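Listed features, source TrEMBL:
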DOMAIN    50-468  domain 'Major facilitator superfamily (MFS) profile'
TRANSMEM  46-67  transmembrane segment
TRANSMEM  79-103  transmembrane segment
TRANSMEM  115-133  transmembrane segment
TRANSMEM  145-162  transmembrane segment
TRANSMEM  174-192  transmembrane segment
TRANSMEM  198-219  transmembrane segment
TRANSMEM  283-304  transmembrane segment
TRANSMEM  316-338  transmembrane segment
TRANSMEM  345-367  transmembrane segment
TRANSMEM  379-403  transmembrane segment
TRANSMEM  415-434  transmembrane segment
TRANSMEM  446-464  transmembrane segment
Amino acid sequence: MEQQRTEATESLLVRQGNDNLVYNEENSGVGVGDGGSVAVSDVTTILGLSIFVAACIAFGSGCALGYSSPTQSSIMEDLGLSVAEFSFFGSILSIGSLLGAAISGKITDLLGRKMTMWILNLLYIGGWLAIAFTKTPWLLDLGRLSLGFTIGNFTYLMPIYISEITTKNVRGRFSAIPVLTLGWGISFMYVIGSFVSWRTLALIATIPGLLQLLPLFFIPESAMAEAKVDRDEEIEEVLLCLRGNKADIFNEAAEIKDFVESLKSFSKEGMLEIFQKKYVRQLLTVAGMIILMNLGGVNAFAFYSGVIFVSAGLSSMVGLITLAATQTIVGIAGILLIDKLGRRPLLLVSTAVLCFSSFLTGLSFFLKEFNLWDQGSPVLALIGLLMYTGSTIVGAGIPSLLLSELFPINVKGSAGSICNFMGSFTGWVVAYYFNFLREWSSTGTFFIFSAFCCANFILSATMVPETKGRTLEEIQASVSHSSV
C-alpha cells in the first residue's frame, strides 16, 4: 500500500509525455490543475460573480458578529430582557457556530459547495427575519442560533470553494477578500446601529443574503467537487465556465480527474483517515495556527473594540470609524501582496505585529493604571488597536487558505470540521471570558494575548510551508510525498 501511494504521488509530481502535464512555473494554464499550453484567463465574469457571493457571505457574517454590541440596551428595553437573558442571546451565536463548525466539512462534502451555500443563505435570511419580527425571547434566540450555524459552516466553506475555483495566480488574493468584507460587516453594524432601531438593523442585515439569491443560480460547483462524485462531463463544463468558453481546459480537467482517482485508489474517506501519519503535520500546523490566533484575542478585539476604546479614554465612535478605515486600507494592500510575496512572509509579519500591538495595548493600560503617562497612554492604545486590526485583516485568513490548500479532497472535510470546531471553541472561550479577564487586569489580559501571538509566530516560522504559485494538486502531492 505504501509503495502504491508513493508511485501515485510521484506520478502527480512529475508527468512527462505528449500531454505536457509537467508541473512548472512556466505553464500558461494556471487553474486548479493548471496544465495546458493555451493561456487561461485568471478572472472571468462567472468567477467574479462567485467571488462576489463569497464577499456577501463574509459581509453578512460580519453583520451577525457585530449586531449585539450597538443593540443591547434597546433590545433589553423593548423585550424586557434581563442581563442574563441578553447575555444568552449574545453567546448563542457562538453555540450555533460550534454546531455548524462541527459538521461543516461533512455537510459540504455531502451536499456539494453550491447546494450548501443555498441552504445556509436561506437559514441566514430566516435568522434575521426571526430577530426582526420577534415578540418573544425564544424566537430572538432561535434567529441568533441560526445565524451562528451559518457562520460556523461558512468559515470552512468559503476558503475551500474559492481555492478550488480560482487559478494559482489569484488564489491568495481572492481568498483574502472575505476576511476584508467580514471586517466591513462588523464595522457596518457598529456605525449604522447607532442611528436605527434594532429591528430595522436586523432587516438591513438581510441585504447581503438577498444579494446572493440571483447569483447563486449562475455560479458553478467546483470542478474538484464534481470529480469526487465522478461527474466527468460536468468537470469540463465547470472549467469552461470559470476559465472562459475558448480556454483550453483539457489538461486541467485531466489532472483533476487523475488526482482524485489516485486518492480513491489508496485512501478511504472518514473522520479517522485524517489522523494518519501523512496528515499529522498539516493538521497540527493549521489547527495550531487557528487556535493560537483565537487565543491571541482576535474575537476580543473584534467584539469589544468600542469597550476597549472607552476604557483607554478614547471616543468609541471615532475609534471604530478609524478601525474601519484601517481595515480597508490594510486589507486591500494584503489582497494585492499575498500572491506576490507569498503566504508565509505575510503570516510571519502579521503574527509578529499582532504580538507587538497586543503588548503595546497592554502597556497603554499599564501606564494608565499607574498614572505614568496620562496623555500618551490613549495614543498608545489607539496605535495598538489599529496595528492589531490591520495585522488581523492581513493574516487571519491565511490559516483557512492553507487548510484549503494542504489537504486533499478525501480528507478536507474532516480536517475542516476539526480545525473549524477547535477555532470556534477557542474563539468563544476568549469572547466569553474577556470581560472577566479585563476586570481582573486589562494589562495582564493583553500581555497574555501577546504571548499567544508570539507562540503563533514561532509555529508559523517553523511549520508553515510556502504554497504561492503552486496548484492544489502540486501542493498536496508534494506534501504527501514528503510524508512517505
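Just so it is clear, glycine is given a Cβ too, placed from its N, Cα and C backbone atoms.
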Check your understanding: Cβ pairs under 8 Å with the transmembrane segment (174-192): which stretch of 46-67, 283-304, 345-367, 415-434 has the most?
Key -> 46-67
Exercise for review: Considering only the recorded stretches 79-103, 115-133, 198-219, 316-338, 345-367, state which has the highest number of Cβ pairs under 8 Å to the transmembrane segment (283-304).
Suggested key: 345-367
Study note, to complete from the structure: Same-chain residues at least 6 beyond the ends of the transmembrane segment (345-367) with a Cβ under 8 Å from one of its Cβ atoms are 289, 293, 296-297, 308, 311-312, 334, 337-338, 373, 376-381, 383-385, 387-388, 390-392, 394-396, 398, 442-447, 449-450, 453-454, 456-457, 460-461, 464
Review point. Who are the long-range neighbours of the transmembrane segment (115-133) in its own chain, taking Cβ under 8 Å and residues 6 or more past its ends?
Key: 53, 57, 60, 64, 107-108, 139-140, 142-147, 149-150, 153-154, 157, 161, 199-200, 202-203, 205-206, 208-210, 212-213, 216
Practice item. Quickly jot the same-chain residues contacting the transmembrane segment (198-219) by Cβ under 8 Å, restricted to those at least six beyond its ends, or write none. Key: 46, 49-50, 52-53, 56-57, 59-60, 63-64, 67, 70-71, 74-75, 78, 114, 117-118, 121, 124-125, 128-129, 131-133, 185, 189, 192
